[in-house]
Amino acid sequence: METDSIDSVIDDDEIHQKHQFSSTKSQGGATVVISPATSVYELLECPVCTNSMYPPIHQCHNGHTLCSTCKSRVHNRCPTCRQELGDIRCLALEKVAESLELPCKYYNLGCLGIFPYYSKLKHESQCNFRPYSCPYAGSECAAVGDITFLVAHLRDDHKVDMHTGCTFNHRYVKSNPREVENATWMLTVFQCFGQYFCLHFEAFQLGMAPVYMAFLRFMGDEDDARNYTYSLEVGGSGRKQTWEGTPRSVRDSHRKVRDSHDGLIIQRNMALFFSGGDKKELKLRVTGRIWKEQQNPDSGVCITSMCSS
């Protein structure tokens, strides 16, 4: 893979361009405005990628700094003054960073947390307010956003089928089931209980044997996904195979869910048996249902809620 080369000298005015934002933190009933757009914060911003810098922070002989990732991109030349960078660490700036507390970068999406500088990255990688990645598995889609955006994106850009209701009944047909390559066959989105769920069905190699797998993902966080249960069933010729479990959150990648085998897995010989006929064509009908587990606030007993459709 080729690395980007940065040949132009960056103006000081561009380096120190302010990125104004603020957050609030409650202390003893009073609201404190946190405004990290200070000179110290700006010093910790890499002039090349504009991200916050973390150790090792590099500097040239004239004191211009940049992050370790961008150091390799500029071919050991300072992007500000063009002097050779060498291997000089800016230890003073690294030490100053230890004393800072900054808002989460998802403050504008609702996160009001304030974090020590060196803990901020870890929080942001797990922040409940961070955008969701596109759950479509047929391509490496880079789209991110909230659930409303992703539902529209799946419908309009990926042409995914949309259904309302908590039951599903789908038929999957393949003309030559003996030729199975890793491929996503279908993704369907269901809306029920005011939430969205993605039903995946695909074929892939499990060891030396081809298998078919169906599983459900919840379009939301894991804590909310635990409120729901789903069942899947496939059958034919007087036999059936069932699965019941909790949908995984779309925070877990499609590959992670698939590789954990957390769903209905159908071996090829069983899939052909369910298909009937001369076993030269795959004809699988997968049915299922989603329901919600709610706890009665008075008795503490879990109540199963089924939707009307």
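Heads up, the Cβ atoms here are built off N, Cα and C, so glycines get one too.
Not measured: the values here are computed from a predicted model.
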Given ranges 9-45, 46-82, 231-267, the stretch to which Swiss-Prot attaches the annotation zinc finger: 46-82
Additional site residue, Cys104, Cys141 [criterion: listed by Swiss-Prot with Cys111, His123, Cys127 for Zn(2+) 1]: Cys104
Length of the line joining the Cα atoms of His158 (Zn(2+) 2 binding site) and Cys127 (Zn(2+) 1 binding site), in Å: 27
Cα-to-Cα gap, Cys104 (Zn(2+) 1 binding site) vs Cys141 (Zn(2+) 2 binding site), nearest whole Å: 25
Distance [Cα-Cα, Å, rounded] between Cys134 (Zn(2+) 2 binding site) and Cys127 (Zn(2+) 1 binding site): 17
Confidence summary for the zinc finger (46-82), mean pLDDT rounded: 90
